[in-house]
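Features reported for this protein in TrEMBL:
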| type | residues | note |
| --- | --- | --- |
| COMPBIAS | 1-16 | compositional bias 'Polar residues' |
| REGION | 1-26 | region 'Disordered' |
| DOMAIN | 169-458 | domain 'CDC20/Fizzy WD40' |
| REPEAT | 214-255 | repeat 'WD' |
| REPEAT | 297-338 | repeat 'WD' |
| REPEAT | 427-460 | repeat 'WD' |
| REGION | 465-484 | region 'Disordered' |
Amino acid sequence: MDDPTTVSNQRNQSAPETPRLNLPARMSDSSVYLENLPSRTMHINRLINSNYNGSPSRTIYSDRFIPSRSGSNFALFDISNSPTSAEGKEDGSGTYNSLLRAALFGPYTPDKKDSLGSPACRNIFRYKTETKRSLHSLSPFGLDESVPGIIHSPVKAPRKVPRSPYKVLDAPALQDDFYLNLVDWSSNNVLAVGLGNCVYLWNACSSKVTKLCDLGIDDSVCSVGWAQRGTHLAVGTSNGKVQIWDASCCRRIRTMEGHRLRVGALAWSSSLLSSGSRDKSILQRDIRVQDDFASKLSGHKSEVCGLKWSYDNRELASGGNDNKLFVWNQHSTQPVLKYCDHTAAVKAIAWSPHLHGLLASGGGTADRCIRFWNTTTNAHLSCMDTGSQVCNLVWSKNVNELVSTHGYSQNQIIVWRYPTMSKLATLTGHTYRVLYLAISPDGQTIVTGAGDETLRFWNVFPSPKSQNTDSEIGASSLGRTTIR
């Protein structure tokens with residue numbers, strides 16, 4: 001019978017030696033390998049297998065901490081933060097790889113100056129970056145504009161309003177009277193100006209000046225107003241009459257009476273003309289009929305100095321020297337709305353072209369406020385103290401902004417953004433009260449007149465299509481000429 005020791009040694013010499021385990025004496029290698037190896041192998045595979053899903057009722061925690069790489073500077077150690085793998089190359093989509101790379105590693109600028117003392121290198125080993133992020137950083141793709149396929153909306157820069165007029169016209173004998181309205185701009189791009197007892201027309205396209213009429217030494221011009229369409233111009237006189245002129249042929253069509261005192265305010269609504277007078281009344285005139293006026297509106301206790309029809313021609317707003325603002329409809333002879341919050345004369349009136357029923361009004365020297373009203377709900381919306389007499393208001397039809405002109409004590413022109421009423425620009429140049437204001441038919445340019453006998457043209461509003469497009473009027477060269 002063979003020796004067991006000898007047999008064992010021969011077996012070990014003939015077979016390659018395998019690693020042995022340090023086991024207790026009562027356990028053999030064969031029992032461990034035969035009994036435990038399959039189960040241990042399955043357990044390890046289940047733990048590391050990526051397709052293995054644990055029980056939904058169990059929460060698996062990991063002791064591995066993955067730091068944020070958004071603040072890391074990989075270029076410092078010549079480490080690429082954009083790994084290229086075989087899978088990425090096989091994908092064939094450069095856009096997808098770029099998006100994924102930007103989302104995982106953040107924007108990378110290799111041309112940045114890297115130094116150990118710079119803030120960019122200081123957080124190379126930090127798990128949390130302290131860099132302040134904007135709201136755009138909430139996007140999973142960050143702000144890397146080099147990533148193809150991503151269109152970033154540009155940040156809109158604040159619009160710049162030129163602080164100087166592009167044209168100045170001398171207007172001799174332009175009266176310094178708060179209650180008159182001597183400047184208006186037609187839909188055909190012709191400016192009408194009342195100077196003393198004459199009315200002059202200035203063509204904004206050709207800069208040609210035409211004398212329309214001369215009222216004589218016993219009369220003077222108190223107001224001018226263009227019809228909404230066409231070439232008809234209404235002229236209010238100091239004798240209480242209203243003349244209708246056809247500016248295309250410089251011919252007077254008719255003269256209408258009815259007022260006892262000067263006519264300082266005019267407003268058109270299609271073929272209907274409203275006139276306000278120092279006799280405290282408002283006359284509604286239909287120029288198609290023979291009668292001088294169709295109805296008389298009574299309510300103001302002092303001179304009517306402001307008149308404006310709404311854009312839908314349904315409501316007429318009137319302001320007076322009695323500090324009152326009234327709203328009338330097409331058929332009323334008494335005001336349907338009365339606003340008594342102003343503490344000085346209300347000449348400045350403007351309807352919003354953007355919101356139905358939104359009305360703005362401005363008070364005189366003792367008031368200095370611009371107030372906003374909702375005539376649909378009969379509500380007082382807001383009030384802005386401008387610090388000086390409010391002479392005129394006009395709303396932009398291109399953007400939700402408005403312009404106010406002022407008298408005592410600063411004689412300034414202010415461009416406002418509504419509804420925040422933040423100032424976009426404050427324009428100065430007039431040395432007297434800025435009593436007159438009109439807007440060009442394209443809605444980009446305003447003209448202002450003052451007792452300093454000048455008319456100044458300003459580009460204040462953008463065009464409807466582009467904020468950088470110059471208007472036809474604004475294309476005129478800077479210069480100073482005389483309107484007559």
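Any Cβ shown, glycine's included, is placed from N, Cα and C.
Unlike curated records, TrEMBL annotations are generated automatically.
Keep in mind that what you see is a predicted model, and the values were worked out from it rather than measured.
Residues 178-179, 181, 261, 264-270, 272, 274-278, 280-284, 344-351, 353, 356-357, 359, 361, 363, 367, 373, 375, 378 of the same chain lie 6+ residues outside the repeat 'WD' (297-338) yet bring a C-beta within less than 8 angstroms of a C-beta in it. Looking only at the repeat 'WD' (297-338), the predicted model's pLDDT averages out at 96. With helix defined as DSSP H, G or I and strand as E or B, the repeat 'WD' (214-255) counts 0 helix, 23 strand, 19 coil. When the repeat 'WD' (297-338) is classified with DSSP, helix, strand and coil residues number 0 helix, 21 strand, 21 coil.
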